[in-house]
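What follows is a set of notes on a single structure, which appears directly below.
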Amino acid sequence: MEVISTNTNGSTIFKSGAIPMNGHHNGTSKHQNGHKNGTSEQQNGTISLDNGNELLGNSNCIKPGWFSEFSALWPGEAFSLKVEKLLFQGKSDYQDVMLFESATYGKVLTLDGAIQHTENGGFPYTEMIVHLPLGSIPNPKKVLIIGGGIGFTLFEMLRYPTIEKIDIVEIDDVVVDVSRKFFPYLAANFNDPRVTLVLGDGAAFVKAAQAEYYDAIIVDSSDPIGPAKDLFERPFFEAVAKALRPGGVVCTQAESIWLHMHIIKQIIANCRQVFKGSVNYAWTTVPTYPTGVIGYMLCSTEGPEIDFKNPVNPIDKETAQVKSKLAPLKFYNSDIHKAAFILPSFARSMIES
């Protein structure tokens, strides 16, 4: 078997002609999280299943030249993209970093085998994580971004002319290097005079931040495993609340309602203990994330009341209060802002309980 990328959580890219075989961390025998996918061995063009049945070797279920994402956070399922070209593969001090050109979504960034952003499919995530919080407060001036080292989040934030200072704290310098090489139009924004890029630990930075300094904090983190784990714990939220001005807001990614309600409920419980303004959960659709959706926690500190569900600072063209030379928004508008807080009955009952 010829493998050009095997990541620690089991995701793999196979070259043409490569066939997954038993015993490799490619998801065909056993994931690192200990879950089997029901296959045991391959012989003579067939894949034998644990129940004694067989899949034909020419089945469309397995194809060479595809990236497949496996994770302990979504056991029993995987997401695949056809790979046109591997652009970068490396291991930083914190995680495996890979960038490839996909057939459908442009460049795809993965960290430890999990898709973080796609060039042509990730804009719903970045537009919402920025405009849900900043559209909910008038005249944001000082903002902190935790993570976001590729630069998509910063790109969206620069739509607001009231912004005076943006601090970005990215733990992984390799992610920033990938941005500079493969996304120069994004990395150029790191040179904006309002922007300070810090290579370091986001949790430590927030803990040391000046009290009541920021109008908004955006936590553009990966999943709650590996280097991002601390960004979902109560001590981190306490530090965030301290760093926000009265009536300041925070937005952090908060997983999928289809798979992670147990994680979401814990995040909400932590936030309700810390943030004395309001605590809200919103969600949106992102085609390349597990289950096709992602959630956000939106919280405010005690002070001027923040109504996240009714934007006071919208930036869509119909109600534009913000003028920008950037390209038009592709996803966000005032209606989607309001709709993001409408939850399915099962999720609403669990979150409100």
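Keep in mind that glycine also has a Cβ here, set from the backbone N, Cα and C atoms.
Sequence annotations record features per position, and here Swiss-Prot assigns region 'Disordered' to 15-50.
For 25-50, the entry in Swiss-Prot reads compositional bias 'Polar residues'.
Around Tyr289 (S-adenosyl-L-methionine binding site), a 10 Å sphere centred on its CB holds 25 further CB atoms from the protein chains shown. Summarising the annotation, Swiss-Prot assigns S-adenosyl-L-methionine binding site to Gln95, Glu170, Asp201, Gly202, Tyr289 and lists sequence analysis as the type of evidence.
Swiss-Prot lists Asp220 with the feature active site, proton acceptor. For the recorded site, Asp220 (active site, proton acceptor), the DSSP three-state label reads strand. In the structure as shown, the Cβ atom of Asp220 (active site, proton acceptor) sits within 10 Å of 27 other Cβ atoms.
Counting in whole angstrom, Asp220 (active site, proton acceptor) lies 10 from Gly202 (S-adenosyl-L-methionine binding site) by their C-alpha atoms.
When the binding-site residues Glu170, Asp201, Gly202 are compared by the number of other CB atoms within 10 angstroms of each CB, Asp201 has the fewest.
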